[in-house]
Amino acid sequence: MFFGIFLCLDAFLYVFTLLPLRVFLAMFRFITLPCYGLRSHRGLTASDRRLLQPAQVCDILKGVILVICYFMMHYVDYSMMYHLIRGQSVIKLYIIYNMLEVADRLISSFGQDILDALYWTATEPKERKRAHIGVIPHFFMAVLYVFLHAILIMVQATTLNVAFNSHNKSLLTIMMSNNFVEIKGSVFKKFEKNNLFQMSNSDIKERFTNYVLLLIVCLRNMEQFSWNPDHLWVLFPDVCMVVASEIAVDIVKHAFITKFNDITADVYSEYRASLAFDLVSSRQKNAYTDYSDSVSRRMGFIPLPLAVLLIRVVTSSIKVQGVLAYVCVVLFYCGLISLKVLNSIVLLGKSCQYVKEAKMEEKLFNPVLTATPGKTAGKQQSTFKSTQGISTDENGSTSVTNQPVHQKDNTPSLLVTSNSDQFLTTPDGEEKDISQDSSELKHRSAKKDLLEIDRFTICGNRID
């Protein structure tokens, strides 16, 4: 859980720290592109002659979506929404909060598909015959999704804020008791390893989102009390109650699920190694997308709507006036960048350690496994599945922005999970076969170390 929360934190900080810098570099390349025309194209590679790299196109799209949605959020009145929600009865607010949680999960799943479709169409080779509606409609759909999702999260934060400010705290107690209803809905169901992995990722995403919502509630309350430090201690017990109830419910829920389904606690080490595998795979030289996209697909966490709402709340709550205030903003931004880089370094080092402990290095460097003649066709097919995908590089990581050569052949493989999923879903017998195949390939290639991962990708993807 802690490893996943720090993964979400890193993806969330990426939007505020490195994404603006990457957008600036991409726009600088786009503006200075006529200078390249004065040079001879002899000796330039195909990637150098491109207008923008696929990663740069995705960065510009993310930046434009953030800016547009930020200005659209100015037309949403937070104060009017607060008083509108506060005028409702306790039972209505309880029902609304439950509906918002369900809607958040559904719209997150749908929103990731919208963003993937936008990135795909924007970076698709121009000579290919298009079988979709184009970049502009996908872009407007993505803007509409981020805006609606940000409003939904704002309603969640407002409902939580009303619960904090209620006199008898009955609404907050009812909302916290709703977490224990979650135990009833999940403990007595049958869970396999994959189902438990999905639920664990969902719990990580939900917990991190709740932390950001609590931050928004504290900012709004501190603004109303003129940033009086004494009021922060008034909010502190309620914040602790929300966090403690989330942790207690997750502990009880996972403990009884593993007990009733006869699953050992070691499975969580496999889940952690799977997330670490995704992180390490996307840190290779030929990775086209930041690993925050991998985190989004794994956990259903999309940082764009949450970032739009947080920027809107911070800019409306904190007034920047004077030279000293702008200096403090610049220092705060530098501190965020330092925190992002430090968090990325620690996560990368721990991920290499977890991948080594899980003995998944061969899957990282040698993803293509050759089936022996003695294997059945079913095992050959399950082994071959791991080598297919949208774009499978030698590190086994898939990327939305890297286009396939044969689209028709690779279309069914969109539903196939990555190699780290195979680590979770492969039966014991097939794991032995795969390990044998991996040992057969050891003499074909030199042994690589995880620490040989490109250091230029420590803060994101390469732009070259």
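Note: Cβ is positioned from N, Cα and C throughout, glycine not excepted.
Here TrEMBL flags 378-425 as compositional bias 'Polar residues'. The compositional bias 'Basic and acidic residues' feature in TrEMBL is assigned to 432-443. The region 'Disordered' annotation in TrEMBL covers 374-443. For 12-36, 57-76, 139-164, 301-318, 324-349, the entry in TrEMBL reads transmembrane segment.
Of the candidate ranges 12-36, 139-164, 324-349, 139-164 has the most C-beta pairs within less than 8 angstroms of the transmembrane segment (301-318). Ranked by Cβ pairs under 8 Å to the transmembrane segment (57-76), the stretches 12-36, 139-164, 324-349 are led by 139-164. For the transmembrane segment (324-349), same-chain residues at least 6 beyond its ends with a Cβ under 8 Å from one of its own Cβ atoms are 3, 6-7, 9-10, 13-14, 16-18, 279-280, 283, 453, 458-459.
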